[in-house]
Every structure is written in structure tokens, then in C-alpha cells.
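Trainee: Could you have a look at this structure, given as C-alpha cells, before my questions?
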Amino acid sequence: MAAMLLLVATLVALGSGRGDAFDPNPLQDFCVADTTSKVRVNGLSCKDPAAVVPDDFFFSGVDKPGGTTSKRYGFSALAVPIPGLNTLGQSHARVDVAPGGVFPPHYHPRAAETAVVLEGSVYFGFLSSYPDNKLFAKVLRKGDVFAVPQGLVHFLYNNGTAPAAIYATLSSQNPGLVLLGDALFAGALPDDLLAKTLLTDKHTVEHIAANFRRS
Ligand SMILES: *[C@@H]1O[C@H](CO)[C@@H](O)[C@H](O)[C@H]1NC(C)=O
């Protein structure tokens, strides 16, 4: 009887989720984003399925860096725009990190992440949550893959001498991004609160915050 219950529970668990995504399950094969529509559903509204073409599921150019660049940190991030991924619980990006550059500690509140190294070598890792704050990190090379559980703080550090690039897949269409440094110092938190949070004095906080509030 107990074995039977366990089997049923396992089947229910296996059948009830896609396992890799927490966004809602789609109700049709695809919902190619109609970027011209002003109607918003949970995601972008769908293009007429009869008008969907292979190019709606295609993007060419992840062999090169692109997108937005952070001079401060030495990385660039290119969100891969595939309209056919709308409502499918995924997003993808190429991230380049220059020698000496970092994608600083951050987390995605709504997504787990898997990264494949396309070029170079990078020190990549994540921290478990409080109270352990245990570091799980590795030096990754071309062809290596590393996974980051949902919501955990992670980083990329190119401490080598050659440019590094990764291809990241996130398990949400809208993963969200919280950069720890910005969350603390670029925002509106009062310096005295920050000083108490960081177990330091206001002068030290002002010194660090000046770099974040300059832009
Ligand atoms: C980068 O940092 C990691 C962790 O400290 C270290 O294991 C690795 O050897 C470093 N790589 C280089 C090229 O210095």
C-alpha cells in the first residue's frame, strides 16, 4: 500500500510540471509574440498562427558579442530575441566578459540558469542561501556547462587573459535581475541604514556609494 502511494505521488509529481520552468504552461503549440499589438496577456499576445514562419523561431548572431555593454564591469549582454519563445517559459542570452571583467553578483528572482561556455575560460559560481552562504564555483572552459538554481546569487569572473563568452538559458520569459551592488548602493537606502547593514560606518558607505550614484 505504501509503495503504491509512493508510486502515485511520484507519477503526480512527474506529470504536474515541466520541471525546468515555473512560468504558466502554454495552451497552444506556440504563441509567437505580436509586438505590434497593444493587448497584453500573461506575456505578449500571439500572432495569427497562419502567419507564423520559421524565422519566428530563429536568431542568427550569437557567435558575436552584442547588446548592452557595461564599461564599469567589463561585460556585455545580448538578449536573444526569438518571438516564438513567447509564453514558453524561457529566455536566452549571450554574455561576454573581457579579461579582468566581471558580471557581478546578482540573482534572477524567477529563474534557474544554465550556462554553456562558448569561448575562453571563466570563474563561475553561486552561493547557497542563508545561513550557509556556501560557494559552489568552478573554473569553466569552452564546452563546459554550469547550472545555477533559481533565485541564488551568482557571478562570472574572467580572471584569465583571453575574452570569455557564455550562452545562458533561463527558465522564465521574464527572469528579473537583481544586482547586489546596485540594489544596495544605487538605490534610495539611507546611508545610516546601509552602514548598520554592512557593519561599518557612514563614511565607508558614502565612499562606496559615490561610485554607484555617479551615472
Ligand atoms: C581564477 O580564479 C580561480 C578561483 O580563485 C582559480 O582557481 C583560477 O586558477 C584562476 N584563474 C587564473 C587564470 O588565474
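Placed from the backbone N, Cα and C atoms, the Cβ positions cover glycine too.
According to TrEMBL, the protein carries these features:
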{"type": "SIGNAL", "residues": "1-21", "note": "signal peptide"}
{"type": "DISULFID", "residues": "CYS31-CYS46", "note": "disulfide bond"}
{"type": "DOMAIN", "residues": "60-206", "note": "domain 'Cupin type-1'"}
{"type": "BINDING", "residues": "HIS106, HIS108, GLU113, HIS154", "note": "Mn(2+) binding site"}
{"type": "BINDING", "residues": "HIS108, GLU113", "note": "oxalate binding site"}
Trainee: Per DSSP, how many helix, strand and coil residues does the domain 'Cupin type-1' (60-206) have?
Mentor: 21 helix, 59 strand, 67 coil
Trainee: Would you mind listing, in sequence order, the residues at least six apart from HIS106 (Mn(2+) binding site) in the same chain with a Cβ closer than 8 Å to its Cβ?
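Mentor: Within the chain, HIS106 (Mn(2+) binding site) has Cβ neighbours under 8 Å at VAL153, HIS154, PHE155, LEU177, VAL178, LEU179, LEU180.
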Trainee: Report, in whole Å, the straight Cα-to-Cα distance of HIS108 (Mn(2+) binding site) from CYS31 (disulfide bond).
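Mentor: Distance between the two Cα atoms comes out at 24 Å.
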Trainee: Residues other than HIS106, HIS108, GLU113, HIS154 within 8 Å, Cβ to Cβ centroid, of the Mn(2+) site?
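Mentor: Near the Mn(2+) site, beyond HIS106, HIS108, GLU113, HIS154, sit TYR107, ALA111, PHE126, VAL148, LEU152, VAL153, LEU170, PRO175, LEU177.
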Trainee: Report, as a single number, how many Cβ atoms besides its own are within 10 Å of the Cβ of GLU113 (Mn(2+) binding site).
Mentor: 23
Trainee: Which three-state DSSP class does CYS46 (disulfide bond) fall into?
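Mentor: Its secondary structure by DSSP: strand.
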